[in-house]
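Accompanying notes for the structure given below.
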Amino acid sequence: MATEPASRSEAINTERGDMAVPAPVLTMGGIGKQFPGVKALDGVDLRLLPGEVHALMGENGAGKSTLIKVLTGVYPADAGTIELGGAPVAFGSPLEAQQAGISTVYQEVNLCTNLSVAENIFIGREPRRFGRIDWKRMRARAKKLLSRLELSLDVSAPLSTYSLAIQQMVAIARAIDVEARVLILDEPTSSLDAGEVEQLFRVMRRLKEEGIAILFVSHFLDQIYEISDRMTILRNGTLVGEYLTRELSQVQLVAKMIGQELAALERLHGEAKVFDRPLIEARELGRTGAIEPFSMTIHEGEVVGLAGLLGSGRTEIARLLFGADHAGSGEIVVSGSVTSLRTPRAAMGHKIAFCSENRKADGLIPDLTVRENIILALQATRGWTRPVPREQQDELVGKYIKALKISPPNPEHLVRNLSGGNQQKVLLARWLILEPRLLILDEPTRGIDVGAKTEIQRLVAELSDGGMAVLFISAELEEVLRLSHKVGVLRDRRLVAELPNDDSLTTDVLMETIASGASQMNASEASNVDASGGRAS
Amino acid sequence: MTTLTLGRASIPAKYLPVLVTGCLFVAMFMVGGIRYEGFATGQIILNVFIDNAFLLVMAVGMTFVILTGGIDLSVGSVVALSTMISASLMAGPGWPPYLVVPLVLAIGSGLGLVMGYIVHAFDIQPFIVTLAGMFLARGLCYTIGTDSIPIEDPTFTAFAQTRIDLFADMWISPSVIIALVVVAVAAYVLRYTRFGRSVYATGGSEQSALLMGLPVGRTKITVYTISGFCSALGGVLLSFYMLSGYGLHAVGMELDVIAAVVIGGTLLTGGSGFLLGTVLGVLVLGLIQTIISFEGTLSSWWTKIFIGLLLFVFILLQRLFSARSRR
Amino acid sequence: MRRLLWPVVVLVLLLALNVFFTPSFFSIEVKDGHLYGSLIDILRFGAPLILVSLGMTLVIATGGIDLSVGSVVAISGALACLQISQDTSVFTAVVSALVLCVVLGAWNGFLVAAVGIQPIIATLILMVAGRGLAQLITGGQIITINSPAYKVIGGGYWLTVPFGILIVIAVLAITAFLTRRLALGMLLESVGGNAEASRLAGIRARGIVIMVYAFAALCAGVAGLMISSNVSSADGNNAGLWIELDAILAVVIGGTSLSGGRFSLSGTVLGALIIQTLTTTIYSIGVPPETTLLFKALVVTAVCLIQSPSFRAKAFGRRGRTAPPSPAPEEKVRVTA
């Protein structure tokens, strides 16, 4: 199961086996997009056939959203061509794309919830009579359009009175009213429950029959296999290949999405350790819409890896354990006593530290210096009246700049001017000076160069040898395997397995587990939907 | 189809703030009627309209701006500038009103247009841009003159002093009719034109409005232009009322206008509110003044304190509403 | 340091302009044991604005704004003068006025941090009601007092230096100490720079924000005492009118962004001095003083435009949208076919 360059030829094989291919509605060829310092897309091809659901697959940073944005005119492409119905096109804005028949429905519903359902469908092209908006006709047309999607709503009620699922349907109704030829659904299911997903799929099938090409992005493998006919897989901004869904097994899919950069790596830990001093224990901890209740114990000196695809609930576990989100159910036991971690500060009181995945939004203060960012958490625990003495600051900061090789090694440099890897190290340093007992690292090596990556990996091993517990989250399975003593596997917002990391555990086994899941969520199990309901209370 | 009546048993939540303001107005009127002799007459309400016609027009413009989620601090100064330009042009060169008034309206709209353009094109907070506009307009007043200039144009004063008699000894001024026409036109625009709806959409979520292909930039520029126009017209109405132009007219009026709009149930964050609410908000403000003047022992500053209290209550209500709808 | 460049240049230019029109502008002399001179006047008359601006700086650093400081200025002066006119001791009068200001500021902070109302809106309430409150205290009159002890605050001298300037120096020193010597400044910048990241770093923003609004009101209260003491009277209607706008302007000119984060106390002081010097200059070069507002409008617009990234992009930036040549078509065919 080679996944690297050979994949392109695999795509070709698929092509031959699939004889009667209708002319594509949309063809993107050799798309390239460069951002400062990052090659977001490089030679990516995509074609959409009429009447098919085409899944766009890839992990974080694979380039899915960039590709969609290039297609819909949010970004201009640096290279490549886009053809719609055989004619070359280049859209300057999402509006132009929409007028040409390419409509997009995003994960976070981009509608105005203060307006009525009918208006959200028709705003900007309301039916008018003698120049004034014909509300009656608008409502009637909205009702008709929604009934095409098997929905019966009060179209004059504000959209905010309906659930997210219904809002999503309204967004789709808006999208298909403009004679869409291509409908892009960008993670439409991430906040829907099983019944709502099934309802959405019914709508998608209906649209498919009408000949609309649907580009579908989802992190839920079951959903992909249930609804999609064909898929294009991206990795690190390049094309892995195009496949027929029925010809690609879930394990193959996961392998292609994650890839295997390096061959077998030596495990960083020496001889097996015995973990008998539990540090933190989650008991049936859960949060609706984020993660199904899970139980997990992390011991002192233990590195627990979390493996799973993007959106599978990895980050959600981390946030619950740090008190960044409130748990809806279950309890947390720290050092033998039940505690509630209602705020990050409470977690910090228990010496829990959390390096978040999104360095820019949830981690660093870009306008502050390296020194200030590093001592921020320490200062927060002391309050503003007891500043960390400057000598101590300089000593701590100097120590970690040296230990983590932060460059430039200037503590007064603004963090915003540092590279991604160095920003990550600054964030790490912030938490390390607190000497935590549990360090939660969410994708600490994403988007940073190989050298920095190895350094961070080595650091994690050292810390755990020194007795610190680490919860290590990464999309790269090799990395998880290399560092962890045990691995929790997540799939579709559920902790499906907890595997000890012995010699029998390989990336293949992990992929298999991710792909199959110990307990699958089956979207069809709750198929009966109350189409008229769904009002948010 | 069976769920048509679901949740419609009571009044839709979006009308609730307007209803609260309406009830408040009625309650205040009743309290006034019980407490003071000669209060519960139709003319009292008409007087509120007569005394606050200019405020009503300004509030209409402000409603547009606030509905998009913006704010316009320049309205008071633009009113003063309008009175000043009108008075000085009629007094000095002796221009006729039918030239002066359109000129004043054009200047006000032009100021609004420029402010709207800066807000949109350079992404600067409306608060700051209109603050600069406020300084500019007030400064222009003082450069025209620092003293009050009386208006003595016969046509102008005759029109200003016209009384339009209604039934039963009640009367209104032409300003009231102008103000009500403005309200009616604005209500129609907000309800029945695409521009009006994109005002609501922009205030609801600018990002979404952009993605839905609405002309957000044009909408924002237009609302500030409308606000500028309304302020200038408010200035003309104030000149009818005062028959003078003065750089110190309408000092702090922007706060009254904003207060009226908020008390009328329009969300300061944008996207929700009705012109009817704004009318009621202005009426409530006017009635407070009337009651305080009837009370006699209560001094004028109680008006400000009451307005502040009402603002607080309504902002708190808004906060509760938005917190609940977000759940 | 680089961001203080423009304010310094503007201030120097303004001062140079003054020297050009009034050659004796820079001369400072000691008369009757008091310092006299145009520069001293700028500092003396600018003192209330500097105070209010210092408080405003911290509020803006948290990403907020305080519109109510003008009303607080009026309330503080009114309460102090009322008490003094009723023969209360100056000390009690001053302390009770300042305590009331702190309470009012904490109220603002409570609305912002605990209730979660937008700062502009939350402080608008006190801006409107506060004026009424000030007039309520003064009974709508201008309270005139004759208290030499109270007069010292705004009009007195100590060691030849006007007392107001000393107060400003003291408050500036205290603010600098709290923010730069203690850790308040860093936590403020952190909260204003990225609220969510600050929460995840364990910062409890609520208390800090309430304190900052209370501090801003305290500064405004001191400024109010200074203004009323200088004229030995309290005017609930006009004292501190529009000072909030001048203060916001001073903060912005000083290089602190209205969106919060990094702040500069020295920049704010410079900004306030620029505004005060502008007023003085307009008098001294013979432009009618009524036009001060016009100049202010120009300065606000210019400063905000220069700070606006999209303006800079449009005015100075080139928009490079040259797409590299598309890859050779043969290559593409080989890949897919």
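Each Cβ is built from the backbone N, Cα and C atoms, and glycine gets one as well.
Remember, TrEMBL labels are computer predictions, not curated facts.
Proximity of distant same-chain residues to the transmembrane segment (C:42-60), defined by a Cβ-Cβ separation under 8 Å and at least 6 residues beyond the stretch ends, is recorded for 66, 69, 73, 119, 162, 164-165, 167-168, 171-172, 175, 179, 188, 192, 212-213, 215-220, 222-224, 226-227, 240, 243-244, 246-248, 250-251, 254, 256-258, 260, 263-265, 268-269, 271-273, 275-277, 279-280. If you look up TrEMBL, you'll see C:42-60 (among others) marked as transmembrane segment.
Summarising the annotation, TrEMBL assigns transmembrane segment to C:67-85 (among others).
Same-chain residues lying 6 or more positions outside the transmembrane segment (C:91-117) and placing a CB less than 8 Å from one of its CB atoms are 64, 66, 68, 72, 75-77, 79-81, 83-84, 123, 125-126, 130, 150, 153, 205-207, 209-218, 220-222, 224-225. The transmembrane segment annotation in TrEMBL covers C:91-117 (among others).
Under the heading transmembrane segment, TrEMBL lists C:124-145 (among others).
Sequence-distant contacts of the transmembrane segment (C:157-178) (same chain, six or more residues past either end, CB-CB distance under 8 Å): 30, 33-35, 40, 43-44, 47-48, 50-51, 54, 58, 184-185, 219, 222, 226, 230, 265, 269. Summarising the annotation, TrEMBL assigns transmembrane segment to C:157-178 (among others).
Counting only same-chain residues 6+ beyond the ends of the transmembrane segment (C:208-227), those with a CB under 8 A from a CB of the stretch are 47-49, 51-52, 54-56, 58-59, 61-62, 64, 66, 68-70, 72-78, 80, 94, 97-98, 100-102, 104-106, 108-110, 112-114, 153-154, 164, 167, 171, 184, 187-188, 191, 239-240, 243. Sequence annotations record features per position, and here TrEMBL assigns transmembrane segment to C:208-227 (among others).
Residues annotated as transmembrane segment in TrEMBL: C:239-258 (among others).
What TrEMBL records for C:265-287 (among others) is transmembrane segment.
If you look up TrEMBL, you'll see C:293-311 (among others) marked as transmembrane segment.
Per TrEMBL, region 'Disordered' is recorded for C:317-337.
Here the listed stretches are C:67-85, C:239-258, C:293-311, and the one with the most C-beta pairs under 8 angstroms to the transmembrane segment (C:265-287) is C:239-258.
Away from its own ends, the transmembrane segment (C:293-311) comes close to residues 6, 246, 249, 252-253, 257, 274-275, 278, 282 of its chain (Cβ-Cβ under 8 Å, at least six residues beyond either end).
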